[in-house]
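Trainee: I'd like to ask some things about the structure below.
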């Protein structure tokens with residue numbers, strides 16, 4: 001990407017964004033998609049709420065625990081507290097997936113996607129997503145997957161094995177791929193739109209989780225140097 005001054009000059013030479021003719025932008029694909037989706041449908045709204053709520057819940061609770069250690073004291077140990085939170089997160093994710101599926105079933109299919117070849121393509125995407133989710137879980141373990149570092153249970157070193165040697169946050173992207181594949185298999189415009197909501201919610205979560213986790217390990221390193 002160009003430096004700020006260079007970027008500004010580039011926009012100025014073209015007259016800036018004000019000179020863009022937005023009437024020529026092709027919104028036909030989005031219009032077609034939204035034409036199949038009833039945004040006011042109760043099952044669709046429930047799915048959106050679940051998708052948005054889940055990462056908000058576990059980030060708020062985990063940060064609260066990191067600051068207060070209340071869950072660890074109530075449960076008797078940070079390990080028990082982490083297992084309890086992980087169980088709640090799994091339950092919430094199950095509810096989210098159920099609402100996601102019900103939202104797809106309650107809304108029409110897209111005829112162009114309702115064929116065997118597209119179904120198998122969706123199945124392949126689902127399989128890749130499932131691979132990333134399961135391999136991430138195996139690499140991190142239950143504690144590592146469900147925010148153990150927020151409970152003070154820190155790893156000695158960063159996990160670099162598959163799939164973390166392929167991409168950052170493979171659990172989140174794998175989960176998104178699972179929803180995408182599931183939506184394609186059902187030829188569901190509602191599912192595709194909800195998958196976009198999943199991706200956005202995870203991207204927002206990553207913006208908060210990444211720096212905070214780095215700060216936790218920096219505090220660990222500082223504490224170790226003082227000893």
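Using N, Cα and C of the backbone, Cβ positions are placed for all residues, glycine too.
Just so you know, TrEMBL annotations never went through curation; they're auto-generated.
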Trainee: Per the topological domains given in TrEMBL, are residue 67 and residue 221 together on one face of the membrane?
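Mentor: Opposite sides, per TrEMBL.
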Trainee: Which stretch, out of 42-62, 168-188, is listed as intramembrane segment by TrEMBL?
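Mentor: My reading of TrEMBL: the intramembrane segment range is 42-62.
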Trainee: Could you check which of 190-208, 209-227 is flagged in TrEMBL as transmembrane segment?
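Mentor: It is 190-208 that TrEMBL describes as transmembrane segment.
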Trainee: In TrEMBL, one of 8-29, 74-95 is tagged transmembrane segment. Which stretch would that be?
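Mentor: Among 8-29, 74-95, the range TrEMBL annotates as transmembrane segment is 74-95.
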Trainee: Return the residues near residue 210 (S-adenosyl-L-methionine binding site) by Cβ distance under 8 Å, restricted to its own chain and a separation of at least 6 in sequence.
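Mentor: Set apart from residue 210 (S-adenosyl-L-methionine binding site) by at least 6 residues yet with Cβ under 8 Å, there are none.
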Trainee: Residue list, the transmembrane segment (190-208) vs rest of chain: Cβ under 8 Å, 6 or more residues beyond ends.
Mentor: 33-34, 36-38, 44, 47-48, 51-52, 54-55, 59, 100, 103-104, 106-107, 169, 172-173, 175-176, 179-180, 182-184
Trainee: Including all protein chains shown, what's the count of other C-beta atoms within 10 A of the C-beta of residue 127 (S-adenosyl-L-methionine binding site)?
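Mentor: Result for residue 127 (S-adenosyl-L-methionine binding site): 13 neighbouring Cβ atoms inside 10 Å.
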